[in-house]
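Going by TrEMBL, these are the annotated features:
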TRANSMEM  41-62  transmembrane segment
TRANSMEM  69-89  transmembrane segment
TRANSMEM  146-166  transmembrane segment
TRANSMEM  266-282  transmembrane segment
Amino acid sequence: MALFSLLVAILIERLKLLPQSWQFDSILNLYSKTLFGDKQLNSDVMMALALVLPAIAVQVMMWAVNGMFWGGLSLILWVAISILCFSHQKQRVLFKRYMLAACRGDTQACYHFADALDPSVSLEAVSETELGAKVGQSAAWLNYRFYGAVAVFLIFLGPAGAVFYCTARYFSDENKEHKLDLPLVDDVLMLLDWLPSRILAFGYVLSGQFSQASARWGQYAFNIRSTARDIVTQVASAAEPEPETSTAPICTQSTLALLQLSKRNFILLLVCLSLLTIFGVVA
């Protein structure tokens, strides 16, 4: 089910068939405002409940439909949850706008869209010549957060695991974007990212320049203080050789190179999932 659900979800996401109101972040936004509000989430207990409740609801539904109609309802639920978890048109639109701004040489718009694409990194001190590489790292990081990590949780923990990761990621983004100072969120997400970031960063080692990337992976992966973003972006940068410099105000070569590397890494993940499915390790 994992392989089929993942392939269908990626296809639906690429075709942009899911409207904005059905995007997972939109559903979580409605869920948060309806059941909790901003003030209630300042409590550790309420924040923990907000994090686990969607995953519990999904797991209960999986138990309820298990075996019904020869497993057909379980398959439908797998596919539906996967489609919701992989729908992220906001990031795709922002990246497209950044690339269009870079192509027409609009430096100010490039900085604006780059900030919106990855608010966790300040680009104020980044020069125009370095912006392309920084956005490439952001593309690798976003590819991990919105595709790679979700796929890992879906494969090994099922739809409930994927929903739990997406819920923690949503509240973490809301916490940083609106400066809410929510408890537990960042610590939970750090724990959730610890192993998948190292697994997928090793995929960059296999998908790019092995010698340089493997040395960088060993440097960060075995350091328990290394953040998931540092592991993913640093290994990705080491795995992809520096492209030739461009005369354009904003160079897009390094951005596209790291984006292509991220796509190769995701294809590698699909190949590994196919093998695990063939040998019966993953259902």
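Each residue, glycine too, has its Cβ placed from N, Cα and C.
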*Positions on the same chain near the transmembrane segment (146-166), where near means CB under 8 A and six or more residues out*: 2, 5-6, 24, 28, 51-52, 54-56, 58-59, 62, 77-78, 81-82, 85-86, 88, 91, 192-193, 196-197, 199-200, 203, 265-266, 269, 273, 276, 282
*In the same chain, who gets a Cβ under 8 Å from the transmembrane segment (266-282) while lying at least 6 residues past its ends?*
2-3, 6-7, 143, 147-148, 151-152, 155-156, 200, 203, 206-207
